[in-house]
Amino acid sequence: MSTAHVEQARNGLTGSIQVPGDKSISHRAVMFGAIAEGKTTVDGFLAGEDCLSTIDCFRKLGVTIEQEGEKVTIEGKGWDGLQEPEEILDVGNSGTTTRLMLGILATRPFHSVIIGDDSIAKRPMGRVTEPLREMGSIIDGRGNGRFTPLSIRGGQTKGIQFQSKVASAQVKSAILLAGLQSEGVTSVTEPALSRDHTERMLTAYGVEVKRDGLTVSVKGGQTLTAQDITVPGDISSAAFFLVAAVIVPNSHITLKGVGINPTRSGIIDVLQEMGASISVHNEQVVGGEPIADLDIKTSTLKGIEIGGDLIPRLIDEIPVIAVLATQAEGKTVIRDAEELKVKETNRIDTVVSELKKLGATIEATEDGMIIEGRTALKAATVSSYGDHRIGMAMGVAGLIAEGRMTIERSEAIAVSYPTFFEHIDELLGGK
Ligand code: S3P
């Protein structure tokens with residue numbers, strides 16, 4: 001385990017960076033390439049630990065995958081090219097790998113065992129294993145198949161019309177992937193729209209996907225054709241620097257080539273509503289995903305209310321939004337965000353406890369948190385608790401907190417942003 005230190009910034013953040021590739025899209029590019037027919041290439045791949053876990057699992061399923069930094073080549077041999085793994089499939093810390101891979105394995109006529117780290121072992125898998133069992137695959141595991149380790153034997157499955165209780169792209173994607181090789185039509189209806197990268201990328205791989213409001217459906221018996229995928233910058237990684245630039249005095253930065261898919265861009269809406277000076281330039285569509293350069297400066301902020309359908313559009317950004325809210329005048333209320341409790345950590349608890357150590361006025365609620373600003377934060381020793389986004393949110397807080405911040409278990413940051421501290425140094429140096 002490692003420890004990182006962050007000093008209060010003496011000058012503003014300036015210059016421009018390209019944030020690493022989108023985690024959600026990188027996972028999907030590899031998985032869909034693995035089940036497609038032909039050679040898929042991926043450029044801009046996020047070589048973070050989570051996505052490397054996906055590569056490792058699909059290699060164990062018999063797929064030849066070459067990866068060098070941001071470039072990946074996948075030799076897809078179609079659905080039937082996947083083979084029974086001789087080893088256990090270890091997903092590490094990655095919920096996306098676990099749930100989407102379950103959807104793929106649900107229709108494969110062989111047996112696999114999935115394990116992950118201590119955090120994965122606490123995360124609810126019943127939301128995926130129950131509908132997959134209903135479709136006909138045989139799944140067992142701890143807590144009657146609700147937690148890892150899980151074992152799955154796929155086979156002949158039937159389409160279902162699934163009503164999800166949560167707005168979760170991982171659940172939606174798992175069921176749709178199983179639906180592609182099941183009898184009849186499979187549909188998923190969610191309570192609010194979650195990120196739609198699966199729908200967009202499956203379409204790029206030649207699959208017919210139908211959307212009708214909050215319901216998305218696929219017909220069984222569909223195959224995928226290899227693609228050349230370019231992964232946009234991850235807006236969830238960009239969020240740390242968007243917030244840092246707004247709250248560190250005298251900052252002005254540009255983040256290049258960031259994915260601004262409307263199902264992910266809630267952070268931009270929140271920054272604008274709080275009064276931040278942010279502008280969007282060079283909008284383009286790359287491989288079915290909108291991207292842009294984001295320009296942002298130090299700004300005066302006011303507290304706002306964040307809830308409802310906005311939550312799935314910024315769920316991963318809430319830890320750093322809480323840091324932002326400590327620097328806004330007045331009250332910020334985050335509600336309808338119970339899903340935070342089942343992320344890499346219980347993010348309501350970890351955000352509130354660590355920000356309190358810095359002197360923030362913040363209280364947990366049943367479904368979110370209330371933050372009262374503006375507060376001058378003081379550096380302290382905090383922990384990531386093994387959660388990458390908590391570690392990075394603390395890194396951003398460290399830039400404005402008086403003194404020297406110590407972040408324990410900082411190694412977790414490599415899950416999604418291995419060059420996070422280098423990028424902080426680069427922007428502080430104004431290169
Ligand atoms: C993801 C979906 C979200 C998100 C996670 C990545 C994905 O989780 O929090 O970081 O790639 O589909 P849920 O689908 O469980 O909300």
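Keep in mind that glycine also has a Cβ here, set from the backbone N, Cα and C atoms.
Classification of Asp316 (active site, proton acceptor) by DSSP places it within a helix. Around Asp316 (active site, proton acceptor), a 10 Å sphere centred on its CB holds 24 further CB atoms from the protein chains shown. If you look up TrEMBL, you'll see Asp316 marked as active site, proton acceptor.
Positions annotated as 3-phosphoshikimate binding site by TrEMBL: Lys23, Ser24, Arg28, Ser168, Gln170, Asp316, Lys343.
Around the Cβ of Gln170 (3-phosphoshikimate binding site), 25 further Cβ atoms fall within 10 Å across all displayed protein chains. According to TrEMBL, the feature phosphoenolpyruvate binding site maps to Lys23, Gly95, Arg123, Gln170, Arg347, Arg389.
The domain 'Enolpyruvate transferase' annotation in TrEMBL covers 10-423. If you average pLDDT over the domain 'Enolpyruvate transferase' (10-423) in this model, you get 98.
Within the same chain, the residues at least 6 positions away from Lys343 (3-phosphoshikimate binding site) whose Cβ sits under 8 Å from its Cβ are Gly95, Arg123, Ile315, Asp316, Asp387, Arg389, listed in sequence order.
Under the three-state DSSP scheme, Ser168 (3-phosphoshikimate binding site) falls in the coil class. Proximity of the binding-site residues Ser24, Gln170, Arg347 to ligand 1, judged by a Cβ distance under 6 angstroms to any of its atoms, singles out Ser24, Gln170 in sequence order. In sequence order, Leu100, Ser173, His197, Thr198, Met201 are the residues near Arg28 (3-phosphoshikimate binding site), counting only same-chain partners six or more apart with C-beta under 8 A. Listed in sequence order, the residues of the same chain lying 6 or more apart from Ser168 (3-phosphoshikimate binding site) and placing their CB within less than 8 Å of its CB are Arg127, Glu190, Ser194, Glu339.
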